[in-house]
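Asks: Shown below is the structure under consideration.
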Amino acid sequence: MKNILSIQSHVVYGYAGNKSATFPMQLLGIDVWALNTVQFSNHTQYGKWTGMVIPKEQIGEIVQGIDNIGELHQCDAVLSGYIGSAEQVEEIIKAFHKIKERNPKAIYLCDPVMGHPDKGCVVADGVKEGLIKIAMAQADIITPNLVELRELSGLAVENFEQAIEAVKVILSKGPKKVLVKHLSRVGKNAAQFEMLLANNDGIWHISRPLHNFNKEPVGVGDLTAGLFLANLLNGKSDVEAFEHTANTVNDVMETTHNAGVYELQTIAAREWIVNPKSQYKAVKIG
């Protein structure tokens, strides 16, 4: 069994961060070590929430605690998502380095959550800069959305061709794999939900249906990053993991849409997480 240290947010009500990613990864046979960067009543896109940011020291203390009992070498990967403070970025990288000392084969997936003010997604000052200046170069895999793709690459990215250039720029900065979670308005077809995968062997594009919600569910990116990493650890190739992830997320979104609710319906879609009914295929474009 593979083990992932998943360092991201926790919400008591609803689905975002670890709450969105942990159960699907467990369904895929992964033992998830969930370390929460914040504990909130609900996700920030409700516009109001209660809770706290976990003190930055706790990240290192908890990782050290696992090391103290001699089990840190079992960690196969680190996944970071929503980060509660700029200081936490450095602590996460320190934690990854300690894990690499115990298991040189361990990998790091950075889901570079930078916030989206238009959607009400709020992150602390300095987090974006830490992700760009510190985390990106350390990550084996990085999973930006369109906003984050622009920030990480330093390019405007106003069309599909520029998105291709942006992923190439990011590959040159350290990551070995770039998964663009949603191309949004720079995709080929505005009526589809489109994603990109890039590695040193090429670039792949996949399209699936775009489900229209009155209020777009939160936690989809967290689900996407977790599924992709879990699939890789389970031995799938990059493209196989990409396809399984896109198809699973589509099935979760369809289940959520059919239920007519705001929060992701990962439990209701559990069957499709293991064996997705969608069968969309990635196309190599570069």
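Quick reminder: no glycine exception, Cβ is built from N, Cα and C everywhere.
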Asks: For the ATP site that Swiss-Prot describes with ASP111, LYS181, which of these is also annotated: GLU71, GLU148, GLU216?
Replies: GLU148
Asks: Would you identify which residue of ASP140, ASP201, ASP222 Swiss-Prot lists as part of the substrate site it also attributes to SER9, THR44, GLN45?
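Replies: My reading of Swiss-Prot gives ASP222 as the candidate in that site.
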Asks: For the C-alpha pair, I'd like the distance in angstrom between GLU148 (ATP binding site) and ASP222 (substrate binding site), rounded off.
Replies: 14
Asks: List the residues of the same chain that sit at least 6 positions away from ASP111 (ATP binding site) in sequence and have their Cβ under 8 Å from its Cβ, in sequence order, or write 'none'.
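Replies: Set apart from ASP111 (ATP binding site) by at least 6 residues yet with Cβ under 8 Å, we have GLN8, LEU79, SER80, GLY81, ILE142, THR143, GLY221, ASP222, ALA225.
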Asks: Expressed to the nearest Å, what is the distance separating LYS181 (ATP binding site) and THR44 (substrate binding site) at their Cα atoms?
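Replies: Cα to Cα, LYS181 (ATP binding site) and THR44 (substrate binding site) are separated by 20 Å.
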Asks: Given the binding-site residues GLU148, ASP222, which one has the fewest other C-beta atoms within 10 angstroms of its C-beta?
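Replies: Across GLU148, ASP222, these binding-site residues, the one with fewest Cβ atoms within 10 Å is GLU148.
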